[in-house]
Each structure stands twice: as C-alpha cells, then as structure tokens.
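Enquirer: What follows is a structure written as structure tokens; I'll ask about it next.
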C-alpha cells in the first residue's frame, strides 16, 4: 500500500478515536465512529484476497448497523428528554438500544459472530488495530453512560462472552481466530465490572491492549499464522518463543504476571458488591481460555513437534528483537509488583 495512503488512514483512525472519546454530543460521537470504520476498511482489504474482501464487507455491514443503532439510541433519548448529551442518557429503551449497539461494535456476545471471521481475513497488523484501537471508542462510550445501563443485561452478556470466548477458542488452529476469541473473553471481564467500577474496566482494557499488542507484534516478527508453523519457530528465535510463553500466560491471568492484576481487582470488587457467585462462575469459565493459551504456549516452546509437519525447520535468526516488542513484553510480564500503586490510583 502507498505510504501516503497509509498515513491518511492512520491519521483518520486517530481523528475518529479522539473525536468519539472527547465528544459530549451523540452526533459527534457517531461521526467519530463512522470515520473509524471507513479508515480501517482499506487496511483490512489491502491484500485484495477474496478472504480479505469478505472480511471488509462483513465488518462494514456490522459496523454500519451498530452505528445506526447508536444514532437511533441518541435520537430516542433526545425525543423523550430533550438532551443530546452523552452522559444524560436516561430513557430505558435508549439504554437497551445503546447496549446492543456498542456490543455489536465491540464483538461482545451474543453479537460476537463477525469478529473471528473479520480478524481471520485481516493481516496481523490490522488485526492488532481491530483488537485494541478500534475497541477504545465504544468502551469510552460505555464508560460515559455506565451509570444509566442495565446491570442484569450487562452481567448476562459478560458471563456469556467469557463462556463463548473460552469454549469456541478450544478447537481453533488459526492464531488470529484464537486471538479473536481471547478478545471476546476479555471483553466479558471488562463488561461485568462496568456498572460497579468503570475505572477498573478502563484499567483492564489498557492492560489487555498492552499484552495483545505484545502477542501480535511477536507473531508478526516470527511470521506465524497457524499452530503448525508455530511449532517450528523455536529454531528461528528461541528467546522470543520463551518470552511469548510468558506473555500468553500473562494474558491468561496467571500470577505473578501482569494479566493477573485486573482479574484479581475485578474479583475483589465483585465480592464487595455481594456478587461472589458471579465472580466464581466467571473465574471458572476463564479456565477454558487458559487451555488454549497453554496450547499456544506449548506449540511456541516445543523443540520436537509431536507429529511430522509439512513445514521445513527454519534457520536460526541472529537479528536483534524489535525494541517495541521487548518493552511491551517486559511490561506484559512484570507489572504486578506495582499493583498497590495502581489500586490506590483507582
């Protein structure tokens, strides 16, 4: 793709995200979401492969429907209350429509079906943008309207997301699809705490974005898209494969790694809100996700594949690891000791 075109699309992404996050008016938020959608479409379909074009079409249709519902929700609320302010969303029907719309935008269950397909049809770098940057505007809107949303609906959707994200990722062999189901599962954790402590939702999102970026950049640097090719990468970059094991364990939420921090704080907050059964259910369901993270980690660090693969062993690579991957990997693994400082900030 032309570098100038890439710059325009990247600037539009930044503009759309900033516009939605900083707006107080529903029309401005909607405009930011639309700019975001239109600027990511060329990045999804840039390879001109039928799978990429299909992914871009699916993404466009889902996001257009979700944006329409966001605008409809704002209009319904304005019709009943005379308010276009995002934080003044008070009408119950508008709140339900907005919950459905933002769930479609995020890929939260039961509106998650488009996300694995779109991620599978996109390049790794575009998949990274879809999993992190594109989720920031809808999460910002959920944060601003959290006081008005229905707790029962959000809790049900959150538990469903964690269950489906873990369950449907079990039999996947494509790395991008595994990362998509991982994203759906993490969104469940962010949503369940939204009503009770919105700052925890943001903290969870930031740490999820940090760890996912590290994983995607690692896969991008070792040029791996499937589990079968991941098994042969130990010879190419052994140190990076070892680091990938730790980042994946952090993404699964195992102590003493960074990913344990948001899960720990969320379980603590749910217990304070007398929701111990819900906390137990969501914790048990996240074990499903742990299984496929372990599977990925096992394939990344195995030195003798258990069965013969059609892929040749790769040459050892002496090139130094990208600095951004090194910094992100370190942050993804070692941030738990500063958790007291983070928890006091919350």
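Every residue gets a Cβ built from N, Cα and C, even glycine.
TrEMBL labels come from automatic prediction, so no person has curated them.
Annotations per TrEMBL:
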DOMAIN    23-288  domain 'NADH:quinone oxidoreductase/Mrp antiporter transmembrane'
DOMAIN    290-342  domain 'NADH dehydrogenase subunit 2 C-terminal'
TRANSMEM  59-79  transmembrane segment
TRANSMEM  91-115  transmembrane segment
TRANSMEM  152-171  transmembrane segment
TRANSMEM  178-196  transmembrane segment
TRANSMEM  202-219  transmembrane segment
TRANSMEM  240-261  transmembrane segment
TRANSMEM  281-300  transmembrane segment
TRANSMEM  321-342  transmembrane segment
Enquirer: Where else in the chain does the transmembrane segment (59-79) make close Cβ contacts, counting only residues six or more beyond its ends and a cut-off under 8 Å?
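Expert: Beyond its ends, the transmembrane segment (59-79) has Cβ neighbours at 26-27, 29-30, 33-34, 37, 40-41, 44, 86, 88-91, 93-95, 97-98, 100-102, 104-105, 114, 118, 141.
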Enquirer: Which bits of the chain, at least 6 residues beyond where the transmembrane segment (281-300) starts or stops, bring a Cβ under 8 A of a Cβ in it?
Expert: 158-159, 162-163, 165-167, 169-170, 172, 175, 178, 181-182, 185, 188-189, 192, 227, 230-231, 233-234, 241, 244-245, 248-249, 251-254, 263, 267, 270
Enquirer: Quick check: do the transmembrane segment (91-115) and the transmembrane segment (178-196) share at least 3 Cβ pairs under 8 Å, counting only pairs 6+ apart in sequence?
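Expert: Contact between the transmembrane segment (91-115) and the transmembrane segment (178-196): present.
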